[in-house]
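**Q** Mind looking over this structure? Questions follow.
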């Protein structure tokens, strides 16, 4: 039974890492209705920039700030060059544009910083820690704490600041927000910048875990089932979805994997997401769309 | 002047309904077919057949398969490569397990198996739409290569799931030379394009477009949504399956499941975005672009001084330019290269006058 709980809690903690990626999606989807496939590329770009600066002798904090500035610049550029010309187009068009965007960012990041794998040490060891008789990864606990802090900061930002109020207004009803004098374009730029910041945090944690390399941009594919299960519009949903996917994936790998020869973690979350979809098409916490002709 | 429809009257309904109503279009088509079937095999060389023409034809067909689903029926799919893989492996197994089965028959059977698999992954499309549907097709994209690698029965127990082409023989005539493989591919592709061109003008094609434009409204006027969407998945799967079999057997010769990864799906999606969503001709234009553009870029790079751009950098540059082109096309010309062709035609109609 101890083994079961270890797997379960290990999975839940790994799920937090998925949630971190998913939060970036949710922010952008809520504010601009764009399903941002480039989130993974942004994670890669942030982690690669940060680690390359670090390797060139820039101190940790300065490297973090410079990378953050780069992410904000990227957000401004995206708003200007991609979102603004595509305003009022169908969601599918916007999705395909972010697909193009992810190609651009990936190509640019690798052209700038090269393709070799960089190690990243955040000063947290990955050695197991014994909590109540269960062995847990110290790094996973650190990641979970970071995610908790991040969510707390975001919810303060959304609920207590003027900017957060406008963000929520835009998410609720863009047209009404526009007529109240809220500048949609500025909100988009802010949201993409915040998503860039979330991407940076996720990039650091994932980079420390997997090494900073191209495959970081593929974590976006892990976040997709999380979004489906949690719903596209809820940060809480992203967290819960991440936990469900993480736990189910690990349990399936341990208990179901040997029956079919292993390697199922690539598609299992998708199968799970499909099952959820058949029961709740808008996800656990998503808003149900009402359709009119 | 060049493209005038004046003086061409239809005196029967049949004439009015034909696919190419204008004489210029029919002549152009005949000229094109003569060019492709007779002049190219006569003039072309092996490099052109194997490295450019065959992939171009197969990618056009794959683009057509996805275009029927995404461009006509409006269901976004990121699993095209998975259905291609199913087609390739099914065709291989039909040839292997049923000796003496004619090659073209196993292509069709392979396509049907791919259609069946596409149907299964299309089942959620009634309940879910838009981005949520991506998940179903991505599930196919991850599940199919996994299953093909894991269960070695599919590849006849070969190492790492590699399969190689059966003998390319139709009615006792061997098509194993590059020119022969080109002709075989061309014949299959032309036949399927003819089929698709008819299909999108049929009742089913109109249903697809109604569902694409607004599925709730389509349901209200009595179009059976479930049947229409499922048929789109199945027919798209059929075309993609045959494209996959051609890709494996006339283009590459040997192929493994990992050859049909997510990047291949993206490539096919890019073909239809650049070529034109909801256009038959656009698939050819997009595929031509997809095949020729990397060649053009590497040729341009070789003109630059030695060592300025190495192969790795070139690959990144190519990625950046592709990404930028996708965005530019979506912004400036959402209907793709096919729309440019329409403009050209409209201009040829009034040339040399301006209005």
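Using the three backbone atoms N, Cα and C, a Cβ is placed for every residue, glycine included.
Please treat TrEMBL annotations as automatic predictions, because they have not gone through curation.
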**Q** What range among A:167-189, A:190-212 does TrEMBL describe as transmembrane segment?
**A** A:190-212
**Q** Could you name the stretch, out of A:6-27, A:90-113, A:133-158, A:190-212, A:224-247, with the greatest number of CB pairs under 8 A to the transmembrane segment (A:34-54)?
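**A** Answer, by Cβ pair count: A:90-113.
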**Q** Do any residues of this chain, six or more beyond the ends of the transmembrane segment (A:60-78), have a C-beta under 8 angstroms from a C-beta of it, and if so which?
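**A** Long-range Cβ neighbours of the transmembrane segment (A:60-78): 38, 42, 45-46, 49-50, 53-54, 101, 105, 189-190, 192-193, 195-197, 199-200.
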